[in-house]
Amino acid sequence: MLTLASKLKRDEGVKTGRAPGGPSDSSHRVSIRDRLLIKEVAELEANLPSTCKASFPDENKLHHFQLAVSPDASSSPQTAALASSRLLTQCLMVSPVSTDEGYYQSGKFQFEINVPEAYNMVPPKVKCQTRIWHPNIAETGEICLSLLREHSIDGTGWAPTRTLKDVVWGLNSLFTDLLNFDDPLNIDAAEHHLRDKEDFRNKVQDYIKHYAR
């Protein structure tokens, strides 16, 4: 992060103190996206849920990072309630299951997040890299989360006012308050839950045992 931030400072110096056409060539400048990300990553790291860990393979490429989510029953109920209240208001209206269900506790789920050059006019691209039995996440990794939708007629999709922090809190909440069986992406998983909740739980745990440790 510091390396990219230092580059941003150098670019500002170039902008104010050097003539165009020299080493201040546009190919060496930090993009608008990366200027936003320097601020947003700092905000994210200061507000990361206790169940999440973000890692950046290259500190000069804040637009590509991994997020690990480890649902945990010991997480602060007050923090979870605050976050889910905000997300339910800003992101989508759902019929959430009780967080007491704890289907995904003990698992560790990896997400890959790529932020396009056109950010923040378009949302980040997110894929789940861990195979999972979940109504809102396909076994191939696609994710159903309203705030990641570029176009939404109900106003719950992506907007330039959203940030990486919203995305991370949204992904974290897919295992608690935003777990939605009424509008599934994985229809088989939702129907399985409707048919036999205990067998659904067993299959979730079986997936965790094989893919999410």
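Cβ coordinates come from backbone N, Cα and C, glycine included.
Look at TrEMBL and you will find Cys144 tagged as active site, glycyl thioester intermediate. Taken from TrEMBL, the feature domain 'UBC core' covers 32-213. Here TrEMBL flags 1-30 as region 'Disordered'.
Mean per-residue pLDDT, taken over the domain 'UBC core' (32-213), amounts to 87. Residue environment of Cys144 (active site, glycyl thioester intermediate) contains 19 other Cβ atoms, counted within 10 Å of its Cβ in all protein chains.
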